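Below: one structure, written as structure tokens.
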Amino acid sequence: MSSLSRELVFLILQFLDEEKFKETVHKLEQESAFYFNMKHFEDLVQGGEWDEVEKYLSGFTKVEDNRYSMKIFFEIRKQKYLEALDRHDRAKAVEILVKDLKVFASFNEELFKEITQLLTLENFRQNEQLSKYGDTKSARNIMLMELKKLIEANPLFRDKLNFPPFKVSRLRTLINQSLNWQHQLCKNPRPNPDIKTLFTDHSCAAPTNGARAPPPANGPLVGPIPKSAAFPPMGAHAPFQPVVSPSPNAIAGWMTNANPSLPHAAVAQGPPGLVQPPNTAAFLKHPRTPTSAPAIDYQSADSEHLMKRMRVGQPDEVSFSGASHPANIYTQDDLPKQVVRNLNQGSNVMSLDFHPVQQTILLVGTNVGDIGIWEVGSRERIAHKTFKVWDISSCTLPLQAALMKDAAISVNRCLWSPDGSILGVAFSKHIVQTYAFVLNGELRQQAEIDAHIGGVNDIAFSHPNKTLSIITCGDDKLIKVWDAQTGQKQYTFEGHEAPVYSVCPHYKESIQFIFSTAIDGKIKAWLYDCLGSRVDYDAPGHWCTTMAYSADGTRLFSCGTSKDGDSHLVEWNETEGAIKRTYNGFRKRSLGVVQFDTTRNRFLAAGDEFVVKFWDMDNTNILTTTDCDGGLPASPRLRFNREGSLLAVTANENGIKILANTDGQRLLRMLESRAYEGSRGPPQQINTKPPIVNTLGSVSNVSSPMAVNSERPDRALPTVSMSGLAPMDVSRTPDVKPRITDESEKVKTWKLADIGDSGHLRALRMPDTSATSSKVVRLLYTNNGVALLALGSNAVHKLWKWQRTDRNPNGKSTASFTPQMWQPANGILMANDTSDGNPEEATACIALSKNDSYVMSASGGKVSLFNMMTFKVMTTFMAPPPAATFLAFHPQDNNIIAIGMEDSTIQIYNVRVDEVKSKLKGHSKKITGLAFSQSMNMLVSSGADAQLCAWSIDGWEKKKSRYIQSPANRSGALVGDTRVQFHNDQTHILVVHESQLAIYDAKLECLRSWSPREALPAPISSAIYSCDGLLIYAGFCDGAIGVFEAESLRLRCRIAPSAYIPPSMSSGGSVYPMVVAAHPLEPNQIAVGMSDGAVHVVEPLDSDPKWGVAPPQDNGTHPTISAAPAAANKPEV
């Protein structure tokens, strides 16, 4: 629907409300979905009219639309259910349970079971979580507070919660103006015309006696005006524009070349004053009406119904954008200037953005293409992704050529979508990627867009067609709009004559538009109509400029730097396209492009001269500065969180400084104290079920900016809102007597999770139609997580793929659905060269390309490169002797491979030129492990000599070597295969030997180790980090699997072989996992390759989705290892 049609609906709503057609008003609100009347919604809820509540809501959202909507409907139906129980109306309660609440069972079966169990209680308040449930009225009011917060946070209600302000009886006024205009065109205008209908145009009848009509009387232009409508005002917005000029007020003044079409030809024939620009304040406040004819008010028509509804009222003044700005009560003390956190990303940070809902979650992008997500409250990096092309086959040839020429890539911009469910990343070469974000730190690949030729310089999210879109701009001088979820292109805007540097989408009066700036300093504006730019203005400095609105969308600012280093921070008068205010304080020539941000509709901040500078928006002089305790670059990047309580600033040496004001410090202290209290809670709480309130997701965290994700209990705050079944006022805190538990008591009462039968997990044996079986010596997931690749001791590969089905629509790997064993139609096998040797005695090795298209593998013979789709051998190289024993791709160049050899050397091989660039010597036995750290710029190797070596990537010289330490219960020098894998933080190393698991730092110092004992006494056969870096999975030679805490190496769960090996396949302990593979996206799923050739996928049950619980901490301290979900260095094990 066009914006004018939408505004017409608002006029009709106002008219219906003034005429007291209340039911019709709310019906139109629901059917049009333009305005959600919160007052009407509150009345329905407080009156318990649940059917009407859901009926009204249905016009705006459905249960399955998003997690906010799901939570809204859940709370309503839950309250209806509890009220039925409170009335002891069991039949009605059962009906609600089956018809209304059953839908939520598919999202959380445990929740549904617990709600069902309330039927068995005489009084549901006997349930501990509902013990504070009061009477019906108070419960409804408490729930209503929660619902209002959910509705305000729900993106589907964007721009629908406020009614636009305009004069009362606006529709009558427009009709009166139209009648006056029609009367002016009468050939024989009468002094007191009689308007009897609106169905046809007015025309005075000719005089019957041939006399001319008397001259017109000077009467009022409009009739009596009723009282103001009951709709709440939305804020400073312009009124409905006269039909003569439909251009939006917010952008009209910039549109020097705009030619709006006139919908009625008769209007163009009128006096010039009728078609003047709509941004003229006098015209807005005093619309001109022809005065050559007497005024007509259609209320004078012969309509008894209308006359009955007439009432004298008071005129009100029109408010319009940019007229004035309300006074702000904030002071300089509200600025975040105190350094409270120092984080290190590991590489230079190029972009920052705080989560729009979770105030302490920070997204960062770096100069090596990495993105990371930090929980600044706990100082933990909860997610990490290194750059990779997800599907190289779908990329354009220019992109493939660019990556082949230079694999280095940087993040130019990363940011969150408005509701924080999606994040977007723009790279310095062609690509934009979007991820779906889950608050437990999980990132799921969503869309990969080959967006521009050259770099993608900026991105932004918008809702041009009620669906989330992502706007991109690039070096190819284009601006494009894409569907954020599918990556489908929607619009292309061209007109810039230089690379486009930044984009700034916005909306005013339901008109959506985009500002863009190019590196030649040109500012342009675009509507979503592909009719070209509406603006062509010059930015101060004529070079790199970014634009941003204040949080309330009423003030527009830009900040830029010229080629000479002169920086400019200005406020624009957006209705006139002129600079309104220029801020002082840039005294020296900037050494980089100055970045800026706004907060609280009051303050501006920019990074310049090695400090952060602050301004009051209404004062051109600098307000204050902070050097953040030193260590800032010349032009630091910075970003406020939504509330303005925290400020993230980039620092030297890959650092990020977090600054806070009083509110921010209080927020972080609360997070710390609650995390501490949670760690000291009563031991009996460890095995209790989580509160029902958040089991549908993390929606409830919109209740407070201090809420954290409930899906990560190790970082969650104690719930202060109602647990599950009855929401409480978040301002109330439970009256709980603290209990101090002795640490030794915790250790004594904690119990290891020991899974001994298949009923406590999900396990699936991969189907295998091959006639022969051999040991699985290598196993790995593809990078997208939808396939498993195994290499047997007979040199033959096997590939399993999960297919998309009705039951598994996403085609994700899971133990719930059997995958297909993949093989080309011609039946070809993917078999390694064996060079007439015995592959059973050879050391096999395998490595997968980042795009999952090719696999490199060897089994004692030549190294073969296979096409994963056709199984064809693309090439072979490195004929033995010596044979290759380990393969690892260089993190920055896929054409360079580190190859561990049987003769103890490491060869750095360039595939493109078929040449060994370097040969590294330092081991005395064959190489059994290689791992790269891009951030540390090093390669770590391990060998059958139980030695670790660190090598510099730059010159390939050896930096250090060390033999792994022998456990206390083992004498003599260690020998045997040793594996290495870098943690996601790129600084800690997991070292795996049959005698131990050990964590080393980058200096090859052993930080801690664990040796087989007690519950897991057998030698270790394999081990690997989980994809989020929080767990370590280890296989043992007796068939058991151990799940360890990655940071402390404490055992949290033991999985007996009887739990995942079918009884028919068991062979008395002789079968064991030779290799363990971790899923790249699901941290609690693993695959194990067995000594009998079988492959099993193992994961916990949905009802208990984690492997046991974390063991209690002792009084010792350990170096912290950050958690990050991206498996940046997935080892070949």
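All residue numbers here begin at 1 and follow the chain in the order shown.
The backbone N, Cα and C atoms fix where each Cβ goes, glycine too.
Feature annotation from Swiss-Prot assigns domain 'LisH' to 4-36; the stated evidence is sequence analysis. Taken from Swiss-Prot, the feature domain 'CTLH' covers 34-92. Here Swiss-Prot flags 344-384 as repeat 'WD 1', drawing on sequence analysis. As annotated by Swiss-Prot, repeat 'WD 2' applies to 451-492. Look at Swiss-Prot and you will find 495-536 tagged as repeat 'WD 3', backed by sequence analysis. Residues or ranges marked as repeat 'WD 4' in Swiss-Prot: 539-582. Here Swiss-Prot flags 586-625 as repeat 'WD 5', drawing on sequence analysis. If you look up Swiss-Prot, you'll see 630-669 marked as repeat 'WD 6', on the strength of sequence analysis. According to Swiss-Prot, the feature repeat 'WD 7' maps to 771-810, an assignment based on sequence analysis. Marked as repeat 'WD 8' by Swiss-Prot on the basis of sequence analysis: 838-876. Swiss-Prot lists 879-919 with the feature repeat 'WD 9'. Taken from Swiss-Prot, the feature repeat 'WD 10' applies to 922-961, supported by sequence analysis. Per Swiss-Prot, the feature repeat 'WD 11' maps to 970-1011. As annotated by Swiss-Prot, repeat 'WD 12' applies to 1015-1054, with the evidence given as sequence analysis. The region 'Disordered' annotation in Swiss-Prot covers 1102-1133.
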Q | Positions on the same chain near the repeat 'WD 2' (451-492), where near means CB under 8 A and six or more residues out | A | 155, 158, 396, 398, 412-413, 415, 417-418, 422, 424-432, 434, 498-505, 512, 514, 516, 518, 526, 528, 530, 546
Q. Which one of these stretches, 344-384, 586-625, 922-961, has the most C-beta pairs shorter than 8 Å to the repeat 'WD 12' (1015-1054)?
A. 344-384
**Q.** Cβ pairs under 8 Å between the repeat 'WD 6' (630-669) and the repeat 'WD 1' (344-384), at least three
**A.** yes
Q: On the DSSP side of things, how many residues of the repeat 'WD 4' (539-582) fall into helix, strand and coil, could you say?
A: 0 helix, 24 strand, 20 coil
Q: Determine how many residues of the repeat 'WD 5' (586-625) DSSP places in helix, in strand and in coil.
A: 0 helix, 20 strand, 20 coil
Q: Please give the average pLDDT for the repeat 'WD 8' (838-876) in this predicted model.
A: 88
